[in-house]
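Novice: I'd like to ask some things about the structure below.
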């Protein structure tokens with residue numbers, strides 16, 4: 001994620017430069033339209049019908065170009081928003097993973113009694129099932145390695161007083177893209193379909209009956225059906 005973010009300022013600068021160029025083209029076309037309209041009004045009485053039509057076609061063509069430039073600028077703005085939002089979601093996923101790993105390490109402390117460890121394990125599983133918010137996407141190259149860390153229970157309670165879901169439970173942006181069979185925004189643990197042509201690409205674990213990331217390549221239910229039809 002950090003490597004991708006390093007390129008973000010350059011990408012943003014390039015997109016904003018393109019938007020400025022589109023703005024300038026639009027302004028130039030608007031000036032051209034004003035000039036054509038003034039010329040038409042001034043000499044319309046002396047024009048032949050064919051000349052009037054030709055002149056009006058020039059004005060219409062200029063308006064069409066203005067709309068084209070504006071549409072391009074809107075599309076570019078949407079792409080820029082998606083690009084920034086993608087990095088935000090990746091950072092959110094990394095933050096959730098880091099906090100979940102930290103929680104697992106602290107809960108695995110050697111100073112805890114077997115009873116308290118069992119209680120915390122049960123609560124951890126319940127939290128994982130019920131937590132909402134922007135979460136981690138799992139891919140074939142992205143498997144966390146959990147290790148045990150020695151530490152006191154008081155320190156664990158202090159650190160874990162801030163739950164990852166409290167950080168990640170942000171209001172859902174209405175423009176945020178949706179995924180999965182349920183057509184919801186990204187949250188919790190997600191897995192990517194290994195079919196490069198998959199129209200959905202990302203799926204919530206629960207929606208595809210997963211609790212852990214499977215080994216090897218994984219294909220979503222739709223792509224599995226399509227692959228069966230082709231055989």
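Heads up, residue numbers simply count up from 1 along the chain you see.
Cβ from N, Cα, C; glycine included.
In TrEMBL, annotation is done automatically, which means it is predicted and not curated.
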Novice: If I go by TrEMBL, the feature region 'Disordered' sits on one of 107-151, 152-196. Which?
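Specialist: Among 107-151, 152-196, the range TrEMBL annotates as region 'Disordered' is 107-151.
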Novice: Considering Cα atoms only, can you say which of 182, 207, 223 is the nearest neighbour of residue 190 (site 'Histone H3K4me3 binding') among these binding-site residues?
Specialist: 207
Novice: Taking Cα atoms as reference points, which of the recorded positions 179, 198, 220 is nearest to residue 204 (Zn(2+) 1 binding site)?
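Specialist: Smallest Cα separation from residue 204 (Zn(2+) 1 binding site) among 179, 198, 220: 179.
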Novice: Compute the C-alpha separation of residue 223 (Zn(2+) 2 binding site) from residue 194 (site 'Histone H3K4me3 binding'), stating it in Å without decimals.
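Specialist: It is 9 Å, counting Cα to Cα.
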Novice: What number of additional C-beta atoms lies within 10 angstroms of the C-beta atom of residue 180 (Zn(2+) 1 binding site)?
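Specialist: By my count, 21.
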Novice: Over the domain 'PHD-type' (177-226), work out the mean pLDDT and round it to an integer.
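Specialist: Taking every residue in the domain 'PHD-type' (177-226) and averaging pLDDT yields 88.
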Novice: Would you list the other residues of this chain near Zn(2+) 1 - those whose C-beta lies within 8 angstroms of the C-beta centroid of 180, 182, 204, 207 - in sequence order?
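Specialist: Close Cβ neighbours, site residues excluded: 179, 181, 183, 184, 203, 206, 208.
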